[in-house]
Amino acid sequence: QMVYPNFLDQKSREVIEYSSEYLLISVLHNLLQGECNPDLRLLGCSVLAPQCQKDKAIKPCRHVCENLKKNCLPAFDAIDMAWPYFLDCDRFFAGEEEGCFDPLAKLRGEVDAEEDLPSDLPATFIQFKHHSYSQMVSTLKKTASKCSHIATTYSIGRSFEGKDLFVIEFSTKPGHHELLKPEFKYIGNMHGNEVVGKELLIYLAQYLCSEYLLGNPRIQALINNTRIHLLPSLNPDGYELAAEEGAGYNGWVIGRQTAQNLDLNRNFPDLTSEAYRRAGIRGARLDHIPIPQSYWWGKVAPETKAVMKWLRSIPFVLSASLHGGELVVTYPYDYSRHPMEEKMFSPTPDEKVFKMLAKAYADAHPVISDRSELRCGGNFVKRGGIINGAEWYSFTGGMADFNYLHTNCFEITVEVGCEKFPLEEELFTIWHENKGALLNYMEMVHRGIKGIVSDKFGNPIKNARISVRGIQHDVTTAADGDYWRLLPPGTFIISAQAPGYSRVMKRVTIPARMKQAGRVDFVLRPVETWPNKLLRRSMEDAYDPHDPLELFDPHAQHGQPGARGGSSPGREKPWWWSYFSSLDLHKPLWLLKQR
């Protein structure tokens, strides 16, 4: 319910919808490249269409406005736009003591909360049910609170409709990277109608917490030696659409995509084509390939951008994305070596590593490893329940290929069940089928070698390359100089190198029974000249200071210098002024910064 006039003295819906204020709210998502969406839209609407009680308009809360202005003002500054006058926190907003409402409360999962359960339930109790978005958030927060010494929650960003992409983390130092401790992640519900992965990760979070508290030695060893990140739902908007159809509806379309109608597993940069192009070039690297600027000319989902920024901020080693509708484990490449071939074996340089990783999950899953063909996925039985992704079916823009080619992270895709949205009574059985495999796969992050690269004074060297002879794919050191290189058993020649330092080589043997990463440190000595120009160029590729993920402006006139956001000499109005060309006499001069 709302009343007229609103706080801007606009006296009808028609007046509001033809106003510059309303138009600004409509286009903010495009202008700010998705930043602060939909927070700013909701905040603006709370002024244009105020809530009312007993025929009296209720002002939105001032503290909500102030927090949002603090977080969003840099996005306005970046496009040379003034803060909108109707979001003046003192003029149109009220303090809590005056009686106000929070227009953003729904974004935080504060409605439809999980029902309170009896207090006498055992610590190991898990409710095997489908969780709404707010129930998921509530469960993860409660789990992190119960295990606050080893768990925390955080958001990597927002969905298009503004829901936090919520992560729960487990480690002995939550919120911090620890030297030589590998980083692991599981991602669920990338396709909104494939819900089993989402529920499995909610159950896994509860299981890890309770078993750690109960002294389970396997779980304690896992959390004490690994930093684990669980993102149950990458596509909460799509999940809501799928959930409207209800459990038991084995829908293959509704809810799969995001609110922008984008398939997230086709929305990442296509680096695989570039890897194929480079493969025949001697000395060229098939790793840390930069994102081409042309990628940003298309539609990039905020969920996709959030994952890419997440990958930049944490040195992940191993990952799996949980999908549904089949029983099989696939591994990169997912895009065929020949674009016209839809089913073509297309291995990465780390084919042996990926097969080892895929088998670690498949062999520990009683149904995937079952020899019976009387189930979905029966055509994978002779392969041991695993397959190269492109050999199954080829597609471009996948998340697993992007992980491998842009970062140090190795990611597989697990199809965890025949039904995409099973009935609740099936969830207990599905959890028990996957529990051992989920744990077994996490433990694989400790295979291979790890170490620290430093100079002769013990200072860590960031972005040094760790190379394995015969494998055309390097990993790089993190900010503290530590690295992890997943490898199968065998003997390898490992080298470390960095710009301005001499190359150091070591011979390493990894025994077949070795379950923990072997420690291999490198001390590099400075050199005055840099002999290998090709290597130098490929390393500079990866560390481009003009990072397109952070700096790209989708409104720029590509290829024309000086056409980025903001006013330039000989140009009276900034680039975004054209958005308001239809307003004639009511153009928003209040958005122009005073000079």
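Each residue, glycine too, has its Cβ placed from N, Cα and C.
The record in TrEMBL lists a disulphide bond between Cys65 and one of Cys36, Cys45, Cys89, namely Cys89.
Under DSSP, residues within the domain 'FZ' (1-103) fall into helix, strand and coil as 50 helix, 11 strand, 42 coil.
Each of the disulfide-bonded residues Cys65, Cys89 was scored by how many other Cβ atoms lie within 10 Å of its Cβ, and the smallest score goes to Cys89. Glu415 (active site, proton donor/acceptor) sits 43 Å from Cys65 (disulfide bond), taking the CA atoms of both as reference points.
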